[in-house]
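Undergrad: Pulled these features from Swiss-Prot for this protein:
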REGION    1-64  region 'Domain I'
REGION    65-140  region 'Domain II'
REGION    140-144  region 'Flexible linker'
REGION    145-195  region 'Domain III'
Amino acid sequence: MIGRIAGLLLEKHPPLVLVDVNGIGYEIDVPMSTFCRLPGIGEQVTLHTHFWVREDAHLLFGFMTEPERVLFRQLTKISGIGARTGLAILSGLSVNDLHQIVVSQDSTRLTRIPGIGKKTAERLLLELRDKISPAITLPETGTAMASSTDKDILNALSALGYNDREANWAVGQLSEGVTVSDGIMQSLRLLSKAK
């Protein structure tokens, strides 16, 4: 599986981008939320990716942040929501917007997205309701987990049974320069208070 792509941005044609990694060009589908934040042609870019295998195609989907990729994966597990619809949702709504929609059970905002009818919107809200806790707010889509300390803390929280959304939220609350052990302890305290 390809989880991350880092390389030179060669082309941008919505919704596709072409990224050169050591002489190999990867064509990646991205939501408009990611497309709008891409650097210029010829600059370095890093995308969190999801590798999608179908009978007729192998596709890469790219996201500027980990929370966007996590949400894309949750969306595409819902019956009736394929990869293209998942991209359309993330193109029209930020991670936090979708979180608020799920918490408030506001299906009308979802039906404004192309490809989402009333029944699909209601199914999406039903499926995501148990996965998104109202006590936990997701980090802004502009934040990215980049440091090795953050990754070590995320891995530890994952090993302790926390899902990606909870772990990313907790790490996003930590102060800069925290050690791995202190970060794990602080994250556990935050997560226990949020439940």
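Positions of Cβ are set from backbone N, Cα and C atoms, glycine also.
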Undergrad: Per DSSP, what is the helix/strand/coil residue tally across the region 'Domain III' (145-195)?
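TA: When I sort the residues of the region 'Domain III' (145-195) into the three classes, I find 37 helix, 0 strand, 14 coil.
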Undergrad: Average the pLDDT scores across the region 'Flexible linker' (140-144) and report the rounded value.
TA: 41
Undergrad: Of the residues in the region 'Domain I' (1-64), how many are helix, strand and coil by DSSP?
TA: 4 helix, 38 strand, 22 coil
Undergrad: List the helix, strand and coil residue totals of the region 'Domain II' (65-140) as derived from DSSP.
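TA: Final tally across the stretch: 47 helix, 0 strand, 29 coil.
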